[in-house]
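J.: According to TrEMBL:
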type: REGION; residues: B:1-37; note: region 'Disordered'
type: COMPBIAS; residues: B:1-11; note: compositional bias 'Basic and acidic residues'
type: COMPBIAS; residues: B:21-34; note: compositional bias 'Basic residues'
type: TRANSMEM; residues: B:45-67; note: transmembrane segment
type: DOMAIN; residues: B:109-321; note: domain 'ABC transmembrane type-1'
type: TRANSMEM; residues: B:112-133; note: transmembrane segment
type: TRANSMEM; residues: B:145-167; note: transmembrane segment
type: TRANSMEM; residues: B:194-216; note: transmembrane segment
type: TRANSMEM; residues: B:251-268; note: transmembrane segment
type: TRANSMEM; residues: B:302-322; note: transmembrane segment
Amino acid sequence: MTRPPVRYRIITASLLTVAALYFLVPVYWLAVSATKNSADLFGTFGFWFSGHPRPVEYLVDVLTYDHGTYARWFANSLFYAGAGAVCATLLSAAAGYALAKFPFRGREALFNVVLAGVLIPGTALALPLYFLFSAIGLANTYWAVLIPSMVSPFGVYLCRIYAAAAVPDSLLEAARLDGAGEARIFGGLGLRLMTPALVTVFLFQFVHIWNNYFLPLVMLSDSGLYPIQLGLTSWTGYADRQPVLYQYTVGGAFLSVVPLMVLMTVLQRYWRTGLTERSVKA
Amino acid sequence: MNREVLSRDTPSRPAAVTPRPARRNRRGPRRRASRAGARNARATAAFTLPFFALFGLCFLAPIGYALHQSLFTTERTGPLGLGGQEREVFAGLANYAHALADDRFLTGFGRVLLFGAVQIPLMIVLATALALLLESASARAVPFFRSAFFLPYGVPGVIASILWGFLYVPGISPLVKIAGAVGWDLDFLSRGTVLWSIANIVTWQFTGYNMLVLIAQLKAVPGELYEAARIDGANAWQVARHIKLPLIRPALVLTGVFSIIGTLQLFAEPMVLRPLASAIDSGFTPNLHAYSEAFVGNNQHAAAAEAVLLALVACVLSFGFLRLAGGRAKEHG
């Protein structure tokens, strides 16, 4: 292929740089602001450091404020997202595999129900789910956030498509002839062949749960059960009376964003190959 | 949608080259089913039940419960309707009538639709432009830019709103300060601008994600196609316009549908910005309205009716869009 003219390369580079500035500047602001105390947050120019940046000290303040409630929220978020995403991935894998590999009456109807589930907005469901869960006494417990997080219709959709294409029938037949049970075939062959799809489902669900705000907001009233997002908004709610909370909100937001952004950057490769290659192919 | 999915049951790679072996699949399962029918049925149940049990609990049951709740209302039997016993009374469609007669609820819907009509096309055009630029031969440092654009997707909506909130508020915002220094009086949170300030937050968060979906589809386009076009004398723009864009149509439809669903759910951003912007009231979006109906107004039944309406509108819009866009895509393909 011939190299494109310099003129084109300059135009492309400038456009990409302008876009990168748009996406990165707010994150840069957050990083700079996490090194400031309340007074400097309001008193100094936002895009540059104050005279005495103290990032470590202020972040320790965030972690220790109110008996370390921030650390607890962080642990809650990790628990909801980690446990929820693992369960969602396994459940999706099993259901998707069965929908792809076991023909049975009503299979398409069942699959269509799952597809409809993909199109129902999560927050339209959250309120009714709260009414239901409070009727059966589950509201304001860990289960209230965890159980809905374990269900991923999109995961089933993706796993079915992937299993249909990546798990050959002949291999399953061979395993059956060797006398392996269905559970062993699924565990030993199916899951292994579906790994790229499973990574995608796990990541998707992890980020989805981690970012979810509405569900925990309606479900939880005990701040000890809060995930991080809910905790931080409860701080901003008090910031009027306790200005130091502005600083803690900024620091807490910074702390919560860093690990996920690192994860995203490292894993976007999987994201791209796993998610899209098959799911968008129509 | 269903038909497209069905066609994927056959391995997709050979299908692209040879005629689709649709018959083959039908023979295999039937032979197997007769041999090990009972075993299959047991395995099928064991594999699908856990998911569908929870799906029933978290998707079907709440919808049923909301439909039921929305048809009732609470009546208090005490004097003057105060205190005393509470009683559930069948109300028919009264809750729906109430919601549909509520100006603020309807205004919220209108606001969200206007938001979507402007923000979704803008975001998708931006995502497409960035995807095409990154995939063009004249791009350098592609991995860096791709990561930079995708980064905001890792920032939860609440955190993004807190973050941009600080960049909008006059006392702190360096943006307002810079604008002020050159004599431009920026107000991100006024009645007229706050909706678009929220649109900016959503665009900032999701452009990179949509871009990645589009890039994946672009990568699936065989390279010989570009070569052929180039040999025919097409320039970069013509290749993008006449080859790449039509081929990424399915991905565009997908991002469109998810954006529509996302827009109707708009909640975290206005909720977080509310203390900063007096223009945001409790009925700013339909979701916010339903939430305050449930937790401030303490009216479960009205909130249930509004949640049902919201889900209904979302389904109609996304199915409608799929029909419109998907149907035309099929004619092309």
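Using the three backbone atoms N, Cα and C, a Cβ is placed for every residue, glycine included.
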J.: I'm a bit unsure how to read this: which one of B:45-67, B:112-133, B:251-268, B:302-322 has the highest number of Cβ pairs shorter than 8 Å with the transmembrane segment (B:194-216)?
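T.: Of the candidates B:45-67, B:112-133, B:251-268, B:302-322, B:112-133 scores highest.
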J.: Considering only Cβ pairs under 8 Å, which range in B:112-133, B:145-167, B:251-268, B:302-322 makes the most contacts with the transmembrane segment (B:45-67)?
T.: B:302-322
J.: With CB pairs under 8 Å as the measure, which of the listed stretches B:112-133, B:145-167, B:302-322 comes out on top against the transmembrane segment (B:251-268)?
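T.: Stretch with the highest Cβ contact count: B:112-133.
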